[in-house]
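Colleague: According to Swiss-Prot, the protein carries these features:
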type: DISULFID; residues: 58-290; note: disulfide bond
type: DISULFID; residues: 71-83; note: disulfide bond
type: DISULFID; residues: 106-151; note: disulfide bond
type: DISULFID; residues: 294-318; note: disulfide bond
type: DISULFID; residues: 489-493; note: disulfide bond
type: CARBOHYD; residues: 26; note: N-linked glycosylation site
type: CARBOHYD; residues: 27; note: N-linked glycosylation site
type: CARBOHYD; residues: 39; note: N-linked glycosylation site
type: CARBOHYD; residues: 181; note: N-linked glycosylation site
type: CARBOHYD; residues: 302; note: N-linked glycosylation site
type: CARBOHYD; residues: 499; note: N-linked glycosylation site
type: LIPID; residues: 556; note: S-palmitoyl cysteine
type: LIPID; residues: 563; note: S-palmitoyl cysteine
type: SIGNAL; residues: 1-16; note: signal peptide
type: TOPO_DOM; residues: 17-530; note: topological domain 'Extracellular'
type: TOPO_DOM; residues: 552-565; note: topological domain 'Cytoplasmic'
type: TRANSMEM; residues: 531-551; note: transmembrane segment
């Protein structure tokens, strides 16, 4: 009898039509972090932090960089004889200088405001070298004897190519008065210098005059230099020193020189023919004959990601630099595939609903339905809610970029030895800015991930509520994301539930009768259980009374119990 009842129950269950609401799941192992959780496995995720580069120096948008090899910027601009390959250079996208280039100031000394000049070069893409005071024009001074073994060329003493070291001629050094008027339409970079002899003897041997000066004047510059004669240690075999200076001469402005000795005169100047975004990078990386839109000192970045952690100094169309090691954006749902548990599967397929886990069988949408009826079973994605969700997450990366559209740029400023405290302060400020920038990026990703996952959960709940409000009491909520119909629901009926056109009145009478039938079965079962309970109680009491009476008679017969009547 029990087997028959169980079989009838199974048949009844099989015949029950069901519809379940669930979400997509897959075999993804991608994980993201949120505000509340770490390492949440999701169906889809997008890494938004670029961590790789090609390890090469590349052309930037088709324009080659100026790679100075073993020359410094000072060696290039002054014309160190070992830097002759850079006498005339084409347009550059950025400048590359080694950390400690061998060919710097061959004659020992100092380049004043060198760091400021480098900063100026970060906004220039092309120089045109022009002659402003020909070497042959110094008829009253020796213009070819100013050479040094510290600046050798092909085994002989030489000097910087772009300036002239003027020496006395015929034991005389007449006072120099020279001017140059910038008739060009472009700004002009002009360089000059002063020589500081080792002693008085060298001073008179080279310049005849024991007391000398150099005066330089423009509309914005008023400078007077005097040599500093002192005994010094030898550098590159020289006890003397040279200081070099520069200025930007505006169009229609003139530069005036006056000197009676120790003058390093300009022969060539640099016309600034093209300004634009550039940079001076300290790098030991080799040129790779490649092209890129973003260059760092470590190598080129070719990426569409919004962030990178390669190097703070970049040039070009680059991702934003952060110190993070991981920035992964959730674009899909929590990934919790339904477990293969026999008791949870149901008889018509892998239906677990959104509480127990996602469906790997639903591949054409993020949210949807699984139905089962006499015509069969199957999955169907909810196109409308899926498309809205896709539209929402598609704009997520752009949203993050918009929220962080003001990037702090570490421009790689340089400081001289007298500015070390400023340099240290600048580094601390840059590090502080980058720390804040990184924190903001990480926090934004965590918040967006939390919002995305909550958004998906909300969409599933909304879909569930949409079905629940349609079916009302025509179906029973099973508590796992599924509804069991109280009426027959064929494929057309299932489709009406999915598209929101379910006709509740059409099925309400059939559902009411089914509910009453189920209630009657329950009441009948309760009545049967009550009869069986009463019968069991009476029978048990009767048996107990007979046993007590029998025991009493036995005890009376053997004298163990006195019986009085």
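Sequential numbering from 1, following the chain as shown.
Keep in mind that glycine also has a Cβ here, set from the backbone N, Cα and C atoms.
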Colleague: Taking only the Cα atoms, work out how far residue 318 (disulfide bond) lies from residue 489 (disulfide bond), in Å, as a whole number.
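Modeller: With distance taken Cα to Cα, residue 489 (disulfide bond) is 57 Å from residue 318 (disulfide bond).
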Colleague: What same-chain residues, at least 6 away in sequence, bring their CB to under 8 Å of the CB of residue 39 (N-linked glycosylation site)?
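Modeller: Once residues fewer than 6 apart are set aside, residue 39 (N-linked glycosylation site) is near 31, 32, 33.
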Colleague: Across all protein chains in the structure, which of the disulfide-bonded residues 71, 290, 489 has the highest Cβ count within 10 Å?
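Modeller: Checking each of 71, 290, 489, the winner is 489.
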Colleague: Rounded to the nearest Å, what's the C-alpha distance separating residue 83 (disulfide bond) and residue 106 (disulfide bond)? Just drop the number here, would you?
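Modeller: Taking the Cα atoms only, residue 83 (disulfide bond) lies 11 Å from residue 106 (disulfide bond).
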Colleague: By a simple count, how many Cβ atoms lie within 10 Å of the Cβ of residue 27 (N-linked glycosylation site), its own Cβ left out?
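Modeller: Summing over all protein chains shown, residue 27 (N-linked glycosylation site) has 8 other Cβ atoms within 10 Å.
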Colleague: Once the chains shown are all counted, how many other Cβ atoms turn up within 10 Å of the Cβ of residue 151 (disulfide bond)?
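Modeller: Other Cβ atoms found within 10 Å: 24.
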Colleague: Taking Cα atoms as reference points, which of the recorded positions 26, 181, 489, 493, 499 is nearest to residue 294 (disulfide bond)?
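Modeller: Given the candidates 26, 181, 489, 493, 499, the nearest one is 26.
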Colleague: Taking the Cβ of residue 294 (disulfide bond) as centre, how many other Cβ atoms lie within 10 Å?
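Modeller: Other Cβ atoms found within 10 Å: 21.
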